[in-house]
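Record features, source Swiss-Prot:
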BINDING   347, 407, 410  [4Fe-4S] cluster binding site
């Protein structure tokens, strides 16, 4: 029977499937951070249980950490309690921890792949909604709740219903300067923030295959923003080249065997998807969100939408509410929208490729008056590589702040928050009301678009001189 990539990985991980019951699947990798793990560890202690597979559990500190200091004294009392609790729990249960002093510490969805923890054909879970990032490697990766975190800790399994399958093909080649972030925002703009609900999405097509692993991670990272359970991309030579030699990747003869096995992880030619979406790559322009969800997105050369153009009353009301919150007027050119904050970072866009793209627009320029711009590398290794290439100096000379790794301004959970009324060009993944701080307005863009906005003081079409 012909199978999709998702179905192959799913079937390989079924431990038990009782009649009329959701199957139990095996979990190969469990990624843990300081926010969603304390209650799970406590549950194990109360029940007197051990951690089932400490060697398959990896922890880091990222959500609440400071990006200005590696000292615990820089943390709020709650944040300090969380990171200290994670440290104690990892020591007690034998979990490998990348703490704030470790050179490999970073955002869980950045440091996992770069260490080779993420491998094709595996099932990966984490108490974080953007776990879909790891699907870029042909893994089945999805976020879970705290009670499920405890269940995985205790059993290394999960009870899960099988999802429907969706193919999203990005046909042809994108124009010069169009990034993975533009591709995925264009996809979400087409199918909406709930268009993938109930599905595991496989991204494919020439434009997807041409992406680096960093770009593929950006695309899969935002699968959840279209409502999907997970996003996946079939592994290929690009995948293998990225993984070879990384710390937790197979070595020697095991490597050759793994690469051979990974070559089978692709959708069969005659497999049938439950839904198919096709996007023409040539039609994708630089994208940015205008509203309060990632589906409210337009191209840089388009106008802020007019709610009167919406025939669906629910959509019309949604547009009206979004415009009121973000304080924009229908019909405004997006290039006329000014910003006063810029955030380059997050599990979506904080890898070395992202920082290089942003540095191109920062080099030899200055951050505009009245604009505060911060650059937050996704991990210690990304920071080290960027500094070796001199990217930090480019940003600093242009007036950007160069920070320590962490989730930072993606979410208002640490000290990197926006103030009421701030308008931010952000490379993160969510532009919900208050996501970056109470009363703040977020516009999702690529790293290049964010850096260009920082120096211009407003959004610009990076395809043209500015």
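Our numbering is plain: 1 for the first residue shown, then up by one each step along the chain.
Just so you know, glycine gets a Cβ as well, placed from its N, Cα and C.
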(request) Excluding 347, 407, 410, please set out which residues of the same chain place their CB within 8 Å of the center of the CB atoms of the [4Fe-4S] cluster site, keeping sequence order. (result) 62, 63, 107, 109, 130, 345, 346, 348, 350, 406, 408, 411, 428, 429
(request) Tell me the Cβ contacts of residue 407 ([4Fe-4S] cluster binding site) under 8 Å, same chain only and six or more apart in sequence, or just say none. (result) 62, 63, 65, 107, 345, 346, 347, 413, 414
(message) If I restrict to non-local contacts, at least six residues apart, and a C-beta distance under 8 angstroms, what lies near residue 410 ([4Fe-4S] cluster binding site) in its own chain?
(response) 343, 345, 346, 347, 348, 426, 428, 429, 430, 435, 436
(request) Would you count the other CB atoms within 10 A of the CB of residue 347 ([4Fe-4S] cluster binding site), including those on all shown protein chains? (result) 26
